[in-house]
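Shown next, in structure tokens, is the structure this report addresses.
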């Protein structure tokens, strides 16, 4: 017996395996899979992603303090149901996965996205519709490209409708109990400061904090005092979007910051606003040198500046980096229960449940070869 397609007015309705298959092939959809493991579903001619959040982000999602930021075009289409993509949500099997999918459903509802939840086990879906099974399980972690459809079959026409812009998902600050946002530069350690564009061009500020090293994490802002022989610059040309992987620059940035420390000086890390790209570099430094988890490093920085908001792809890269450092290699589903080795990162490093990786491309090797830092300016391109 054929099951009728659900009405788009029934937002959040549970659907059968047959309805899922029909919606998947007949409508403009996005599939969000909240399972931490299991059989994969085909991604042909539809945008598909596996939603996996570390503990830090999962807590914010479940607490309602993490919001979905979308592309402007999608916001403009909120009142045009026929043009908006629909979301097919695959809930998780475990208790943690179920909590994640429930929180995501609430988030989708509050942002007025039409979505449906698969009400049958994925095994049932795949047994009834084996063509949905992804032939390449090893490619389970989707690389996010907003201008093309991953896994698009030859000759198939991809949907041209707007997509939920996972590139611009951003971890936004939760309630800080009235804590005022810190003024730049923000002191993270005795030799490491977080700043923005204004900080970087203020000579008095640089002098006040004994800053002689500056990491410029932008592709277009000038190295203002590059001609000063007492100033040293490191440029990491990156924009605040998913097309840039900062992981490969971590080793050189860490070495550059350590050079400032060894010379009894200080290093300023800045981007345009001082909330995303520069924060990512600072987090990587703390994780590597203090051997503390991403959760601990993030909370350390956030307590000093509540306005930090790194985008999800950078957080994903940091999650991969955490794994590469072996900070969570001995656990499955939880962060380490032991406190970080250094007192400077000893911030509530309690074991908290998490779900796998994070909205991120496959891990990128940190094998960028070290370069000499004995000249005043340096650039990455």
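The count begins at 1 with the first shown residue.
Note: Cβ is positioned from N, Cα and C throughout, glycine not excepted.
These features come from Swiss-Prot:
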ACT_SITE  271  active site, phosphocysteine intermediate
COMPBIAS  365-381  compositional bias 'Polar residues'
DOMAIN    184-327  domain 'Tyrosine-protein phosphatase'
REGION    56-68  region 'KIM'
REGION    362-381  region 'Disordered'
Count of other CB atoms lying within 10 Å of the CB belonging to the residue listed as 'active site, phosphocysteine intermediate'
26
What average pLDDT does the predicted model assign to the domain 'Tyrosine-protein phosphatase' (184-327)?
94
Quick one: what's DSSP say for residue 271 (active site, phosphocysteine intermediate), helix, strand or coil?
coil
